[in-house]
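Reading through the structure tokens given below for one structure.
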Amino acid sequence: MLGRSRLTFVLLAAAVTCAEAQHAPPWTEDCRKSTYPPSGPTYRGPVPWYTINLDLPPYKRWHELMVDKGPMLKIIVNSFKNMVNTFVPSGKVMQMVDQKLPDLLGQFSGPYEEEMKGIADVTEIPLGEIISFNIFYELFTMCTSIITEDKKGHLLHVRNMDFGIFLGWNINNNTWVITEELKPLTVNLDFQRNSKTVFKATSFAGYVGMLTGFKPGQFSLTLNERFSMNGGYLGLLEWILGKKDASWIGFITRSVLENATSYEEAKNILAKTKLLAPAYFILGGNQSGEGCVITRERKDSLDIYELDPKQGRWYVVQTNYDRWKNPLFLDDRRTPAQTCLKRTTQENLSFATLYDILSTKPVLNKLTVFTALMDVTKNHYEAYLRDCPDPCVGW
């Protein structure tokens with residue numbers, strides 16, 4: 001009990017610190033400039049590229065990647081296990097994950113179950129732990145996504161991927177444990193069929209869903225978590241109890257990237273498909289006005305907020321809060337992003353200026369794993385690993 005009390009105290013102290021830091025230098029700063037091309041202390045390095053051959057049987061598609069990344073996946077899976085065992089020292093939870101979870105969850109749709117089995121066999125990690133690693137992203141993703149349209153009608157779609165809140169804090173170097181362990185697992189993926197690109201994405205090795213990607217010439221898509229009382233935990237419980245009529249959000253995102261052929265088709269699927277967890281889908285197209293944030297409950301859409309440059313709406317910004325509500329006072333990334341966009345102006349939109357915005361604290365924070373930049377029309381896709389050196393807010 002003492003260990004849990006100390007953990008609670010640390011989390012409360014972190015929350016108070018972040019609440020104070022959200023609106024005070026040096027944890028916030030004026031809009032950054034000249035950070036692109038990426039360099040300096042906020043740049044960890046490039047994200048490596050791998051090809052996923054969709055012509056291969058699902059079981060074999062990830063083998064080459066996982067031979068490279070398997071050792072790093074074992075590190076993060078062991079960190080998850082250690083955190084669980086801290087709360088349940090008997091080890092029974094992880095025993096259930098290893099022995100019971102695959103049967104509890106039953107079959108997954110499409111190729112995903114066979115892909116996870118292949119990953120488990122190559123890495124020699126129990127299938128239950130690979131499944132739990134994939135489930136994890138349904139519950140703990142915090143991000144900032146932006147779509148912009150310039151005066152010529154050209155669209156850009158960018159995002160910071162923030163992940164790992166409350167999942168272990170390293171007091172020696174002031175970093176989130178899981179966030180840091182995800183960086184070596186971050187990969188750019190070129191999904192190909194008949195040796196031609198179907199879509200590109202940035203993801204984590206071992207995860208078969210998608211959170212960030214684009215279909216060249218057609219549309220771009222990012223997924224942000226949406227917190228709700230009717231949330232992912234309830235959807236997961238329903239799935240375990242046998243109600244399997246909803247889609248995993250990472251899987252539906254991948255399915256849309258792989259199979260949808262237009263912005264409108266993608267928007268229709270994302271707006272209407274029943275989901276296991278609430279979410280924000282940030283979708284960009286290839287022509288003027290094609291950009292929106294789809295705010296989803298599990299069963300239906302609450303709101304579709306679209307670009308409307310004729311009415312002065314030349315950007316959309318989505319973090320992890322409904323646009324009609326104020327962000328949580330200790331986690332306001334929306335206001336700094338909007339402020340920097342307005343200062344940038346519609347005339348000066350580019351990968352460089354948008355990377356500057358995503359490099360400005362607290363949009364950039366201790367949870368930020370990578371920054372992705374997407375230009376659908378020009379088939380230009382970039383992703384970079386990030387750091388946020390002290391002083392930097394925890395989220």
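Each position is counted from 1, following the chain as shown.
The backbone N, Cα and C atoms fix where each Cβ goes, and this holds for glycine too.
Annotation source Swiss-Prot lists signal peptide at 1-21, citing sequence analysis.
The active site, nucleophile annotation in Swiss-Prot covers Cys143 and rests on experimental evidence. DSSP assigns Cys143 (active site, nucleophile) to a strand segment in the three-state reduction.
What Swiss-Prot records for Asp162 (among others) is site 'Important for catalytic activity', and it gives similarity to another entry as the kind of evidence. A strand conformation is recorded for Asp162 (site 'Important for catalytic activity') in the three-state DSSP classification.
The N-linked glycosylation site annotation in Swiss-Prot covers Asn173 (among others), and the record cites experimental evidence as its basis. Around the Cβ of Asn173 (N-linked glycosylation site), the number of neighbouring Cβ atoms within 10 Å comes to 8. Asn173 (N-linked glycosylation site) falls outside any helix or strand according to DSSP and counts as coil.
Marked as N-linked glycosylation site by Swiss-Prot: Asn259 (among others). Asn259 (N-linked glycosylation site) falls within a helix when secondary structure is assigned with DSSP.
According to its DSSP assignment, Asn286 (N-linked glycosylation site) is coil. A 10 Å cutoff on Cβ-Cβ distances gives Asn286 (N-linked glycosylation site) a total of 20 other Cβ atoms nearby, all chains included. For Asn286 (among others), the entry in Swiss-Prot reads N-linked glycosylation site, with the evidence type experimental evidence.
Under the heading site 'Important for catalytic activity', Swiss-Prot lists Asn320 (among others). Around Asn320 (site 'Important for catalytic activity'), the C-beta neighbours below 8 angstroms that are at least 6 residues distant in the chain are Met142, Cys143, Asn224, Glu225, Arg226, Phe227, Tyr280, Asp331.
Counting Cβ atoms from all protein chains shown, Arg333 (site 'Important for catalytic activity') has 28 others lying within 10 Å of its own Cβ. Residues annotated as site 'Important for catalytic activity' in Swiss-Prot, with similarity to another entry given as evidence: Arg333 (among others).
If you look up Swiss-Prot, you'll see Asn348 (among others) marked as N-linked glycosylation site, on the strength of sequence analysis. Annotation note: Asn348 (N-linked glycosylation site) sits in a helical segment as assigned by DSSP.
Secondary structure from DSSP puts Cys392 (disulfide bond) in coil. According to Swiss-Prot, the feature disulfide bond maps to Cys388-Cys392, an assignment based on experimental evidence.
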Reduced DSSP assignment, Asn320 (site 'Important for catalytic activity') = coil
When you measure from the Cβ of Cys388 (disulfide bond), how many other Cβ atoms are you left with inside 10 Å?
-> 22
Rounded Cα separation (Å) that holds between Cys392 (disulfide bond) and Asn173 (N-linked glycosylation site) = 12
Give the distance between the Cα atoms of Asn173 (N-linked glycosylation site) and Cys388 (disulfide bond), rounded to the nearest whole Å.
-> 11
Determine, to the nearest whole angstrom, how far the Cα atom of Cys388 (disulfide bond) is from the Cα atom of Arg333 (site 'Important for catalytic activity').
-> 15
Using a Cβ-Cβ cut-off under 8 angstroms and a sequence gap of six or more, which residues of the chain neighbour Asp162 (site 'Important for catalytic activity')?
-> Thr141, Met142, Cys143, Thr144, Thr179, Asn365, Leu367, Thr368, Val369, Trp395
